[in-house]
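Going by Swiss-Prot, these are the annotated features:
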type: DOMAIN; residues: 11-279; note: domain 'tr-type G'
type: BINDING; residues: 20-27, 88-92, 142-145; note: GTP binding site
Amino acid sequence: MSNALVPQEVSRRRTFAIISHPDAGKTTITEKVLLFGNALQRAGTVKGKKSGQHAKSDWMEMEKERGISVTTSVMQFPYSDCLVNLLDTPGHEDFSEDTYRTLTAVDSCLMVIDAAKGVEARTIKLMEVTRLRDTPIITFMNKLDRDTRDPIDLLDEVESVLNIKCAPITWPIGMGKEFKGVYHLLRDETILYSTGQGHTIQEKRVIKGLDNPELDTAIGDYAEELRDMLDLVKGASHEFNHEEFIAGELTPVFFGTAMGNFGVDHMLDGLVDWAPSPQGRETDQGKVEAKDEKFSGFVFKIQANMDPKHRDRIAFCRIVSGKYQKGMKMHQSRIGKDVRISDALTFLAGDRELLEEAYAGDIIGLHNHGSIQIGDTFTSGDKFRFAGIPNFAPELFKRIRLRDPLKQKQLLKGLIQLSEEGAVQVFRPLQNNDLIVGAVGVLQFDVVVARLKGEYNVDAMYEHINVATARWIYGKDERKVDEFRRKAEANLALDGGDNLTYIAPTMVNLSLAQERYPEIEFHQTREH
């Protein structure tokens, strides 16, 4: 099996995710990115539930009903000379750990900001996660066809709130009904706005040079205003610096309107030109480089029942190095077994195709009958494990109860499977038979009840429970941990992976426990 093409194939790949606050236009951007990459003939604009046309990237039943992205979809499309892997993340009001984990599987991120609102809470939270790995960030200021905030104010806010330098690449001319287009600072050209709706990409009129009299004819008084503004912008903002971008210290900023199919291509050009090709990763045996010939990858997400007809579960595996070939043998590090994979999948949001080959940077789907977990490492050469993917302590908790007590076994099976997939976390207290469900976002609770009913035929409901937070318990001295387990049993539980967890009714209770047991470590994250 010749792997001579590995370096060439790896260098043309770009793997990124989109991060944004709900309703900043992330799903629309996803559609338009696919449209410009020719993956969609008709980009499905997300409207209310009555519209029969659903966005390509929102494909689970619940998403179709609500018009929101609940699960992470993976889409691959060609653009320019590159092959782009886009990982779509839950973007609605309540998201889940899936979003965090997806950010560990990409090499760069596109941050979408609603130019009328600026930096919002969810964006701040997601940026914190990208900082764990200093991920390079490209920024798209969206919705310029509506009335927006002053562009300079927006850049100032990104710099001060998110602590990252901004380098404007395009600059808007007007806004709302008076939106005329953008000036591209690096190309010294003005691209005039003509709206394209749905799947039509309008021919763009481009005027070269800022002093070109054609510009005055085309946009009137806005031309002189633009020249004055650009003098100010060039003096007050940062120039694009590729090294700072790769280090996650500076973000190139593009302006446009995804709904109007305008500006998305400029941002995509920046992505393929500047974003890093697939990067290597640390393992317990040192670093693996993407262009190494031997295959390796890790599982960052498990999706149950992607196809209701098949009742299956798919493990999403990010290839870190080398090449996957149909029928190849891999070593699954956690269980120490060799497995032969002949039916890996590639995706366009729910449309699955069997895969002949894939390279570092690609995301492949592995059929999972319960033997694969989040964080699992697969290798074809040396045996090693990638540094784990974090589990984040839930922020919300409820007790789950059955309407039919005879279904306890099915309930536990469903909850354990959904927790392995990352839909929620489940905790079983040591002292009683309660089942506590923990989540990062409120909607996860609804998702779990709906899926328990639809996929496991279990009718469940929630009750309030007095829990403020959870912490995973570690200790170097096993005797001390055993002693702690006896003394604090009333507050202890096992999570879905049988890890000891402290369930705190209040933050004060947690502080007191930490003071009382200084030799015990209370962790907010746990590696898979």
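Cβ atoms here come from the backbone N, Cα and C positions, even for glycine.
Quantities reported herein were computed from a predicted structural model and do not represent experimental measurements.
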Other CB atoms within 10 A, centred on K26 (GTP binding site):
28
Take the Cβ of T89 (GTP binding site) and count every other Cβ within 10 Å, whichever protein chain it belongs to.
26
According to DSSP, which of helix, strand or coil covers S20 (GTP binding site)?
strand
Among all the protein chains here, how many other CB atoms are within 10 A of the CB of S20 (GTP binding site)?
24
Can you check what DSSP calls L144 (GTP binding site), collapsed to helix, strand or coil?
coil
